[in-house]
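J.: Just passing along the structure, written as structure tokens.
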Amino acid sequence: MDYENKLVLAPMVRVGTLPFRLLAAQYGADITYGEEIIDHKMIKCERRINEHVGAVDFVEKGTDNVVFRTCSLEKNEVVFQMGTSNAVRALSAAQLVCQDVAAIDINMGCPKSFSISGGMGAALLKKPDLIHDDTVELARRIETTGVSALAVHGRRVADRPRDPAKWSEIADVVAALSVPVIANGDIFEYEDFHHIKVATGASSVMVARGALWNASIFSADGKLPWEEVKREYVRKSILWDNDIKSTKHTLKEMIMHYSCLELPEGKAVIKSDTLADLAKLYGEEKYNQFVQEKRLFDGSR
């Protein structure tokens with residue numbers, strides 16, 4: 001994968017599923033990260049071809065629980081992000097999925113308790129036998145392992161989203177490395193992609209919240225109305241039979257940024273039990289009917 005001059009969708013738990021990744025790509029994202037998947041869970045999966053929706057599923061053995069879903073449309077741009085604290089286990093998980101994705105990423109930055117408690121994410125930053133505490137020295141050591149690129153979120157573990165991202169510290173990492181660095185932090189408008197590249201010297205730029213609130217942030221032509229983006233996300237969730245809990249979570253995050261869950265739309269999303277319910281709420285009943293009928297027709301051939 002080429003990591004020069006790319007616009008990148010950041011990994012986001014319960015958001016970065018197939019429909020949202022394809023949504024971001026449609027609007028201009030060059031690289032799309034999936035949500036973090038824990039290696040323990042991935043190695044319990046088996047690969048299945050899902051002819052029903054035209055996807056490749058990694059399903060927990062003995063169940064119908066889809067842990068990771070991808071498709072041929074994103075094979076050259078999707079990055080599988082893994083949470084791990086064990087190299088052997090990580091390799092096993094990577095070998096399972098590597099033929100269906102463009103790259104594998106190890107999460108070393110997640111500050112959430114579920115990640116840290118398992119020795120993953122930001123917990124890896126505190127293991128002196130594995131890495132150094134100093135950010136630049138850490139980056140140099142990671143580079144020696146042979147990574148193709150390094151994504152740097154300009155915040156410390158204790159920082160909250162409201163704290164300004166430290167672009168100057170990302171610049172220090174960029175200056176110390178020869179591999180491409182992907183800068184992440186406080187990207188809310190298309191112009192910010194250019195601003196952070198100039199400020200840091202990074203090769204590429206990653207965006208999380210800015211894309212969650214309006215995935216058309218990747219478009220050089222400017223953002224589309226969020227209502228339009230929201231409906232397109234619902235359509236893609238229907239098309240790819242996305243998990244209803246994941247779809248609702250993403251919609252609620254969008255709504256909370258622009259509005260309030262206590263208003264009629266928010267309440268209706270919370271009460272929705274199926275994708276058909278969401279199709280009705282967002283005026284996509286005909287599209288949902290078309291998708292379901294096409295699946296029945298394809299399945300009967």
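Cβ atoms here come from the backbone N, Cα and C positions, even for glycine.
Remember, TrEMBL labels are computer predictions, not curated facts.
For reference, TrEMBL lists these features for the protein:
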ACT_SITE  C110  active site, proton donor
BINDING   P11, M12, V13, Q81, H153, A208, R209  FMN binding site
DOMAIN    132-257  domain 'DUS-like FMN-binding'
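Could you place these features in context, so I can see how deep they sit and what lies close by?
T.: Cβ contacts within 10 Å of A208 (FMN binding site), excluding its own Cβ and spanning all protein chains shown: 21.
In terms of DSSP secondary structure, the domain 'DUS-like FMN-binding' (132-257) contains 67 helix, 12 strand, 47 coil.
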J.: Could you tell me the mean pLDDT the prediction assigns to the domain 'DUS-like FMN-binding' (132-257)?
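T.: Value for the domain 'DUS-like FMN-binding' (132-257), mean pLDDT as a whole number: 93.
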J.: Inside 10 Å of the Cβ of Q81 (FMN binding site), count up the other Cβ atoms and send me the figure.
T.: 23
J.: By Cβ count within 10 Å, point out the most packed of the binding-site residues listed: H153, R209.
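T.: Checking each of H153, R209, the winner is H153.
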J.: Among the binding-site residues M12, V13, which residue has its Cβ surrounded by the fewest other Cβ atoms within 10 Å?
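T.: Among the binding-site residues M12, V13, the sparsest Cβ neighbourhood within 10 Å belongs to V13.
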